[in-house]
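In Swiss-Prot this protein carries:
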type: SIGNAL; residues: 1-25; note: signal peptide
type: DISULFID; residues: C76-C87; note: disulfide bond
type: DISULFID; residues: C127-C135; note: disulfide bond
type: DISULFID; residues: C137-C157; note: disulfide bond
type: DISULFID; residues: C206-C220; note: disulfide bond
type: DISULFID; residues: C208-C215; note: disulfide bond
type: LIPID; residues: S212; note: O-palmitoleoyl serine
type: DISULFID; residues: C278-C309; note: disulfide bond
type: DISULFID; residues: C294-C304; note: disulfide bond
type: CARBOHYD; residues: N295; note: N-linked glycosylation site
type: DISULFID; residues: C308-C348; note: disulfide bond
type: DISULFID; residues: C324-C339; note: disulfide bond
type: DISULFID; residues: C326-C336; note: disulfide bond
type: DISULFID; residues: C331-C332; note: disulfide bond
Amino acid sequence: MNSPLRGIWLWLPLLLTWLTPEVSSSWWYMGATGGSARVMCDNVPGLVSSQRQLCHRHPDVMRAIGLGVTEWTSECQYQFRQHRWNCNTLDRDHSLFGRVLLRSSRESAFVYAISSAGVVFAITRACSQGEVKSCSCDPKKMGSGKDSKGVFDWGGCSDNIDYGIKFARAFVDAKERKGKDARALMNLHNNRAGRKSVKRFLKQECKCHGVSGSCSLRTCWLAMADFRKTGDYLWRKYNGAIQVVMNQDGTGFTVANERFKKPTKNDLVYFENSPDYCIRDRETGSLGTAGRVCNLTSRGMDSCEVMCCGRGYDTSHVTRMIKCGCKFHWCCAVRCQDCLEALDVHTCKAPKNADWTSPT
């Protein structure tokens, strides 16, 4: 091989590394990695050195994070259940979502936020349940306190959300902090918005003590709300996400359109418009909507017109078993009958383009 060609071949792997976009949060794959924490730490691809160090030092926290992946991906799928892109995950893909999140879109903003929130939630819950050696209940919630109802004593186990946020920041943001590009700044912003969203729904719960429930004495603690509240909140932020561009010195954002308000730390931000997700597309990672169930009577995103992108739909007649004729029997059971229900199911037609059958 002559010298110029040989030089090109030597540089080719490095050029491909520079030019190929990468989904940063390979730690998402921790939920799919079985075995011990050590096996998980060594086999999740793409972790930076500080993430691997935290992984080996805190195997109990990593187990919590791994279990939490299932929870936040399920919440993502719930929020997008009626949309063309439904937060579907890919088996044996360490990025979990494939090429879809390479684009700096609203969907990427939401996934980074909900995943960061999921880590905070999972770690904080594990602390309260005594599953993490390095943390427990919130040590600051001791002694007495006061609210609109009067004085109370801190007791029980207040969720140590500050520990969850601190660990999540150190672990999740580690790879983004190594990068100085626009996408890294976008991810860091949305990660922070996700962490803050969990703390927003921290609520005070109390138990009354006293003669005949007089509540002359109260014991209170702080508890995280159900993760659905965080998911609903971030969904609203997704719908109000703000498109931005990098400022001139490359240190932050400015709005892409002067009509938009400046994003706060609680807002989600994105750079690129989303694809329509109508058809399978190798470049964008879209799986398309062929075969998706649609709602014939809806006028929303789940309608057959919108979901199927104007391609039409097929209708199949199916029967399913449901509970019916339920009656309450004293005391204390509800008994139901099993009934067959006939219904029509509408699914989106595939495009006529033969390329549809090609795998992504």
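Glycine residues also receive a Cβ, built from the backbone N, Cα and C atoms like all the rest.
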In sequence order, the recorded positions (C135, C157, C208, N295, C331) whose C-alpha falls within 10 A of C220 (disulfide bond): C157, C208
On a simple 10 Å Cβ count over all chains shown, which one of the disulfide-bonded residues C215, C309 is most densely packed? C309
Starting from the Cα of C308 (disulfide bond), work out which of the disulfide-bonded residues (C135, C157, C278, C294) are within 10 Å. C278, C294
Hey, how far is C336 (disulfide bond) from C135 (disulfide bond), Cα to Cα, in Å? 46
Can you tell me which of the recorded positions C87, C208, N295, C304 is spatially closest to C137 (disulfide bond)? Compare CA atoms only. C208
Across every protein chain in view, the count of C-beta atoms other than its own within 10 A of the C-beta of C137 (disulfide bond) is 19
How far is it from C332 (disulfide bond) to C304 (disulfide bond), counting Cα to Cα, in Å? 43
For C206 (disulfide bond) and C326 (disulfide bond), the CA-to-CA distance in whole Å is 36
What is the separation, in Å, between the Cα atoms of C127 (disulfide bond) and C348 (disulfide bond)? 45
Listed recorded positions among N295, C324, C326, C331, C348 whose Cα sits within 10 Å of C309 (disulfide bond): C348
My understanding is the cutoff is Cβ-Cβ under 8 Å with a sequence separation of 6 or more in the same chain; which residues meet that for C324 (disulfide bond)? C336, Q337, D338, C339
When the Cα-Cα distance from C215 (disulfide bond) is computed for each of the recorded positions N295, C304, C331, C348, which gives the smallest value? C331
Mind telling me which of the disulfide-bonded residues C208, C304 has the densest Cβ neighbourhood, counting other Cβ atoms within 10 Å? C304
